[in-house]
């Protein structure tokens, strides 16, 4: 039996409709998800693995130093007045070395190496790195603070050691060129024969002090970042590859072979989250991301803020802060004794240095911190931590991880140089480590993910629309044709015109004479 043309068309339209639904809403998402699971894992064949090993572009590493304009007043107990100088822009190249895969537990181990190059063109107007900055002497104050906390009976000796090592300084401030304090280093003279400075310098040689590099002739070179520039970090990091489960990709499971830290208390020692260079795909607005920072010995848990856009791609913006350790039960285990004010994190146990981490300009911190220093202006847009993720692939498109480092001006009666200082926490510098994917990598993401996704989106709606309207049209045509056929078939109850029949006229004969009607007399 030969089908009518409209039924053939209806079959085609129905097929297009069903294929549009099945392919567009069922098959393609499953194919895309399966492909992403393969591509986002840290297997040796993927592009993600290559970028994870060596980021093919430089990150933006910006340093803002605080210049103290009234050191003489501060030395006498006055309120510090500071002026921000920066940014000093450095191109930061990140790579992972000594990489080993472990098939049995789907992990990979590595060490990291960061290299910095000063970029004067991208630095603040007129900044060359040769500007002289006046700031609290980090090394001097750190030495005094550590002894006051751990061996207070030795504070008399520390006063003599300071005078010997730093040549009888007039105050606790250092006047130093910006690039020297950041990377090149400033000299610490340990070629002393007096007992106090010699004892301190001997202790320095035995311990690995952050920022301190040994030089010939009993000299040390101290800088904020120089010791990590171009050197391999000694710590061995173990993370999940995500081949067996892509949602585990990049998760830190051990450092130096230890499944957790021994720095803090309770769950604060756990490694929670990724290593910060790769994140799982398929993010939703309800997901809480986590990443572990080795520099601060803790995990951060950014939360979703809003939708945003970057170079035509819809992203999810996540934000974070340092936290309130005293009032947040999850963070209380970071406190060794009384918790610091809101927005401050004591790094003594992590860095072995009496430093405090905070948001730049004390953003989201205890208001009292701002009252103790003049010259700070916190701004959430300039000083907040924010990361824009492409949610399907979990790719960070734009990121600004900002943190400020602070130190307490130690007031101590047993050291003449310290006995008049204001007992307050003051800022030293803050950094902004960020990235913004350039056009090349954004286009790569568009061609590999978004253009196929958009094409399928257009095709599926065309198929569904064509199929839907085709089915409706064929249905209407089919039933209209049936009605007309039924109306014209024999034996139907249809009403037809009947032509009246002509009647033949016939002669009628009358028998007898016609009579008139009888008259009635009234």
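Placement of Cβ uses the backbone N, Cα and C atoms for every residue, glycine included.
Between the listed ranges 456-476, 477-497, 498-518, Swiss-Prot ties the annotation transmembrane segment to 456-476. Among the ranges 12-32, 33-53, the one that Swiss-Prot lists as transmembrane segment is 12-32. In this view, residue 333 (disulfide bond) is surrounded by 15 other Cβ atoms within 10 Å of its Cβ, with every protein chain counted. Note on proximity: among 67, 297, 438, the recorded positions of the record, the Cα nearest residue 339 (disulfide bond) is that of 297.
Reduced to three states, the DSSP call for residue 67 (N-linked glycosylation site) is strand. DSSP classifies residue 268 (disulfide bond) as helix under the three-state reduction. Taken residue by residue with DSSP, residue 339 (disulfide bond) is part of neither helix nor strand, so it is coil. Note on the topological domain 'Cytoplasmic' (477-522): its mean pLDDT in the predicted model is 52.
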